[in-house]
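Trainee: Let me give you the structure first, and then I'll get to my questions.
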Amino acid sequence: MELQDPKMNGALPSDAVGYRQEREGFLPSRGPAPGSKPVQFMDFEGKTSFGMSVFNLSNAIMGSGILGLAYAMAHTGVIFFLALLLCIALLSSYSIHLLLTCAGIAGIRAYEQLGQRAFGPAGKVVVATVICLHNVGAMSSYLFIIKSELPLVIGTFLYMDPEGDWFLKGNLLIIIVSVLIILPLALMKHLGYLGYTSGLSLTCMLFFLVSVIYKKFQLGCAIGHNETAMESEALVGLPSQGLNSSCEAQMFTVDSQMSYTVPIMAFAFVCHPEVLPIYTELCRPSKRRMQAVANVSIGAMFCMYGLTATFGYLTFYSSVKAEMLHMYSQKDPLILCVRLAVLLAVTLTVPVVLFPIRRALQQLLFPGKAFSWPRHVAIALILLVLVNVLVICVPTIRDIFGVIGSTSAPSLIFILPSIFYLRIVPSEVEPFLSWPKIQALCFGVLGVLFMAVSLGFMFANWATGQSRMSGH
């Protein structure tokens, strides 16, 4: 369904004043009739405050990628990692600026509709496909967390070794959780109160951050011994290779696993499909105000990511894994609470992520069709089976972070916003050789290079077996 203002019809106003109004106010080009109330974007006046919009966008940014950031720091060094993280944050903010500019000109409030405005129906299909792939990757990362953490939690409560009993195998448990919990929730016709789980997810990740900081000061250097384990148990999954026995932090380092670090960071900052819906709901919407929302949200997540990665790395140094929770003692009470909170959050988030995938598939494959329960159920079943098979076959969550962070993440952050800007902003307003369009072009080229280099190094690691030899 087209989401454009009929008065604008996706066309640029003839007068420059109208264009400036759209850039700054996200408003129709013509002012309201005398004595009437000003009409906000899309004839809808948002009621969400600035602070709540920041919270909503922070929820959209926050995800499972935070669990892999300490691993990324271990393979880049503290200073190099923080510099790369800052660059990704700044580039994400710039790409949101491009999206808001395009949306203001075209009068569109959906990422997919920008694709249609730029390239017609084919553009909408491409954008929807990229978003679906990214959400499938997010679902896979959530289910992988269940696969790796749920056996430890159940084994702790039952005083059993999670590696010894068949009913504690992660592959079996994710199938059980998918059938008994996720599938019934995914079959709901509307999200309802499931939409509030994003707030729960952010709360759980804040709890995770506080716990990581606390455990750093409690453990000191956790290399070679485990001060939190009960009855002198070893750290769960602590690798014996590559330990930094001196507990010295590396400021700059480069190794074969660095090909995963930037994709993990890119994966952690993707929020772009949710920017325009949040913009629509914003009270007193303007481009400048929404950009401020984005900057505050990205800045807050940068601080949270930086703290989590730094304290996680300074606890385990070069031995840290891509799924950092696996580094802590299985029986530590605080970490057990963190595991339970994270498991609850990711389990309830999976059906929330599944809803937009199903909606996009129905719009692409069955446009104009009335609601059908058999189709509704079939799409949910196929998606869950596909994701479960993917999670069972993939050896580490790092591979999920790496592949999605190297494909859909640069597409959503770098490539698509720059292409939209080049196609949607008319040459009468910004000539192709103007500095803003040259910047956008370079931004898109950077995204293509980032994708090619990351995928190239990852495939090389897989081909040479260095990924398995790393012990992660």
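Placed from the backbone N, Cα and C atoms, the Cβ positions cover glycine too.
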Trainee: Could you tell me which of CYS204, CYS247 is bonded to CYS221 by a disulfide, according to Swiss-Prot?
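Mentor: Record-based pairing for CYS221: CYS247.
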Trainee: For the set ASN56, ASN226, say which residue Swiss-Prot annotates with N-linked glycosylation site.
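Mentor: Of the listed residues, Swiss-Prot records N-linked glycosylation site for ASN226.
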Trainee: Would you say Swiss-Prot puts THR48 and ALA122 in the same topological domain with respect to the membrane?
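Mentor: Swiss-Prot topology: THR48, ALA122 on one side of the membrane.
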Trainee: Three states by DSSP: which one describes THR464 (site 'Involved in pH-sensing to the transport activity regulation')?
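Mentor: DSSP assigns THR464 (site 'Involved in pH-sensing to the transport activity regulation') to helix.
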Trainee: From the DSSP assignment alone, can you count helix, strand and coil residues within the topological domain 'Cytoplasmic' (279-295)?
Mentor: 12 helix, 1 strand, 4 coil
Trainee: I'd like the number of other C-beta atoms within 10 A of the C-beta of CYS221 (disulfide bond), please.
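Mentor: Other Cβ atoms within 10 Å of CYS221 (disulfide bond): 17.
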Trainee: Just give the helix, strand and coil counts over the topological domain 'Extracellular' (317-334), going by DSSP.
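Mentor: In the topological domain 'Extracellular' (317-334), the DSSP-based counts are 9 helix, 0 strand, 9 coil.
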Trainee: Going by DSSP, is CYS221 (disulfide bond) part of a helix, a strand, or coil?
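Mentor: Reduced to three states, the DSSP call for CYS221 (disulfide bond) is coil.
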Trainee: Do the transmembrane segment (167-187) and the transmembrane segment (88-108) share at least 3 Cβ pairs closer than 8 Å, excluding pairs fewer than 6 residues apart in sequence?
Mentor: no
Trainee: Given a Cβ distance threshold of under 8 angstroms, which distant residues of the chain, six or more beyond its ends, lie next to the transmembrane segment (335-355)?
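Mentor: The answer is 64, 135, 138-139, 142-143, 145-146, 149-150, 152-153, 156, 177, 181-182, 185-186, 188, 191, 194-195, 197-198, 200-201, 203-205, 207-208, 211, 215, 228, 325, 328-329, 380, 383-384.
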Trainee: Tally Cβ pairs under 8 Å between the transmembrane segment (258-278) and each listed stretch (49-71, 88-108, 296-316, 377-397), then give the stretch with the top tally.
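Mentor: Out of the listed stretches, 49-71 contacts the transmembrane segment (258-278) most.
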